[in-house]
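As given in TrEMBL:
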type	residues	note
DOMAIN	A:18-80	domain 'SKP1 component POZ'
DOMAIN	A:117-154	domain 'SKP1 component dimerisation'
REGION	A:229-301	region 'Disordered'
COMPBIAS	A:241-254	compositional bias 'Basic residues'
COMPBIAS	A:265-274	compositional bias 'Basic and acidic residues'
Amino acid sequence: MSEIDMSVINPEMMKPYVWLQTSDDSIQQVEQEIAMFCPFICQEIIQKSMGSSKNCAICLPQQVSPAMLSLILDYCRFHQVLGRSNKERKSYDEKFVRIDTERLCELTSAADSLQLKPLVDLTSRALARIIEGRSPEEIRDIFHLPDDLTEEEKLEPLRNITDDPRIRLLNRLYAKKRKELKERERIKALSKDLFTPYNFKSSGLTLAQNVEVEEEHVDERSVDDLLSFINGNDGDQKGIKTSKNKKKNRRKKDQQKNSSLKEASVPEKKEEVNGHNNRHHSSEADRPQKLTGKWKILPAD
Amino acid sequence: MGDFLDPDLISDLPQSIIETILIQLPIRDAVRTSILSRKWRYKWSTITQLVFDEKCYPTCNDRELVHKSVVEFITRLLFLHQGPIHKFHIVNASLASCPAINQWILFLSRNDIKDFNLELGEGDFFRMPSCFFGCEKLTRLELSRCELYPPASFKGFSCLKSLNLHQVLISPEAIESLISSCPLLESLSLSYFDCLALTVCAPNLKYLCLEGEFTEICLVDTPLLVELSVAMYMTDDVAEHMEQSSTCNFVKFLGGVPNLERLVGLIDFTKYLSIGNDLGHLAITYNYLETIEMYQVSFEDMKEILVVLRLITSSPNLKELHISGSSNISAGTYAAGMEFWEKECPSDSILSQLKLVKLTEMSGVPHEIEFIKFLLGCSPVLETMSIIPSMYDMECQLKMLVELMKFRRASSKAEVYFIRGD
């Protein structure tokens with residue numbers, strides 16, 4: 001909006017001052033040129049012809065307190081001068097955001113309500129720098145965030161990020177349990193000749209079974225492998241093998257169930273253990289499988 | 001502890017601001033905010049920009065484990081993500097080709113991806129899956145160490161503005177078709193391409209950067225081209241084969257770029273341009289060309305010198321000139337064809353805007369000396385000329401300097417720096 005356009009629209013607007021009302025209902029006079037730097041104020045003046053006198057002062061959004069307005073006007077006052085070099089502006093910006101965190105957040109909110117995007121970006125960047133590299137406790141401390149997630153909830157999305165000591169500990173426990181289970185399977189498998197092979201369908205794949213001891217490897221999600229198979233991953237033999245392994249492991253667990261129920265059933269990922277798992281073939285090891293323990297070991301997907 | 005008394009400073013800011021903040025964090029820090037508090041649990045999951053760089057690698061010496069961890073991290077993150085993803089970059093991450101990438105691309109193609117950058121590390125190239133060609137909103141694409149085989153039904157990326165392919169395997173027909181089927185393409189960069197005859201047809205193209213072993217380059221429909229940078233590697237047999245062709249490479253390449261502002265030619269570019277040059281007067285003027293940089297110009301080959309002269313004299317607004325001589329010259333070669341200079345450089349030619357000249361790798365051969373004489377004599381507003389000789393022998397340097405001292409300078413302000421190397 002050039003000055004000439006503005007004077008054509010409304011000669012009244014050439015007055016150098018506008019009246020602004022902040023969140024505490026106090027009204028102040030501000031140089032128009034500087035206030036116009038904020039799109040919100042600009043709109044109010046042009047579209048609604050507000051601000052020309054004390055009676056029709058522009059009502060600023062409630063996030064803008066007098067202190068914040070003063071800061072924002074300082075910012076506008078500096079930047080609306082055209083002759084400044086980029087270096088000068090950058091240097092000013094860096095000093096500008098060296099305020100305490102509480103005021104920084106308030107300033108971000110106020111700038112956003114006035115639609116002053118450059119200032120929002122600047123303050124956001126400063127807040128990001130505060131957050132970066134800090135531990136959750138520190139961040140909660142700085143921003144007064146409530147620590148209201150349960151332990152389990154905290155772990156859920158982050159299970160694979162191994163640098164949290166709690167997760168490392170849990171992973172170690174899981175790994176230990178997994179190892180124990182594998183040991184038992186191996187022992188079971190050694191007496192496999194007594195098992196009658198079952199043909200079963202699992203998620204559309206029918207596998208021939210040769211029950212053999214598989215080499216130790218980490219559990220992979222079979223649905224994941226299946227998807228990659230569907231997505232045309234030709235030649236991903238490892239993926240296919242992995243799903244076979246998974247099926248075998250599950251089948252072994254299932255066979256205990258089936259041997260007692262005498263029916264083939266589709267195994268769920270998190271097994272419908274209905275107590276039959278505790279029954280074993282006579283040739284197996286005598287260690288009973290702890291029901292709840294096994295439940296926890298399954299990969300939580 | 002004091003949570004009740006001190007109000008939460010940040011969680012109630014509008015989501016758009018939270019996203020602006022989260023986008024500026026490294027991706028791991030952004031995801032970690034999910035354990036700050038109940039409100040923050042899923043704030044990260046709607047960010048539209050995902051950048052995975054070296055910061056998202058856990059510190060560990062086992063490469064396979066690190067790789068597996070990163071692949072799982074990205075897969076899980078995408079699974080938990082909600083909403084559109086506009087920017088997805090994997091850079092500096094030494095990611096190796098793996099099947100999971102197919103799934104990521106499928107996911108992105110369904111989530112309005114606009115800016116996609118995939119930089120793979122050492123190892124096998126990754127073949128882009130067919131779902132990739134369904135990313136209709138793509139505006140910026142950068143690939144490194146991939147294979148592209150567009151299906152026959154592919155009609156191009158209608159929104160693509162910037163294309164950067166580095167060490168990408170793609171057939172010549174496919175790349176030409178890709179370029180011409182992206183009508184909005186403004187910036188194109190192809191590097192590490194081999195033995196490619198390339199015809200570029202891109203009406204909106206402004207920035208072009210080519211590097212590789214090309215057999216031929218034709219700019220057919222690029223009227224808006226502003227910046228051009230070419231590093232052309234020519235093997236000897238290619239050069240021989242080209243000698244026989246009758247068409248003029250200069251015209252084919254630079255004939256249709258009247259708006260050119262900056263031209264950079266590296267490796268064998270001048271040699272390439274010189275082939276088929278009919279030595280006639282050039283019909284085009286480059287009115288906006290302000291900067292010319294040519295490297296590896298052989299001052300023993302008259303045709304190459306002619307190319308440079310043609311360029312300079314066809315650019316009335318040339319301000320900056322960088323010429324680097326060829327390193328293949330044996331000093332003290334007998335100069336043939338000195339009458340060439342009188343013929344090609346009439347004494348009344350003026351380079352009216354030339355202010356800065358930088359000449360490097362100068363071996364002191366007679367044609368170089370004449371070239372400097374020409375520049376000094378025809379540049380009335382010249383301010384700085386730097387000459388950096390390539391020979392170490394003091395005697396040769398002195399000889400060259402003595403010659404240079406004789407020359408008439410059209411500009412009284414001209415400062416000539418003879419910079420002797422360490």
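Keep in mind that glycine also has a Cβ here, set from the backbone N, Cα and C atoms.
Caution: TrEMBL annotation is automatic and unverified by curators.
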In the same chain, who gets a Cβ under 8 Å from the domain 'SKP1 component dimerisation' (A:117-154) while lying at least 6 residues past its ends?
-> 72, 75, 79, 93, 96-97, 101, 104-105, 107-108, 111, 166
Please spell out the DSSP helix, strand and coil residue counts for the domain 'SKP1 component POZ' (A:18-80).
-> 28 helix, 11 strand, 24 coil
Across the whole of the domain 'SKP1 component dimerisation' (A:117-154), what does the mean pLDDT come to? Round it, please.
-> 86
Secondary structure split (DSSP) over the domain 'SKP1 component dimerisation' (A:117-154) reads 27 helix, 0 strand, 11 coil
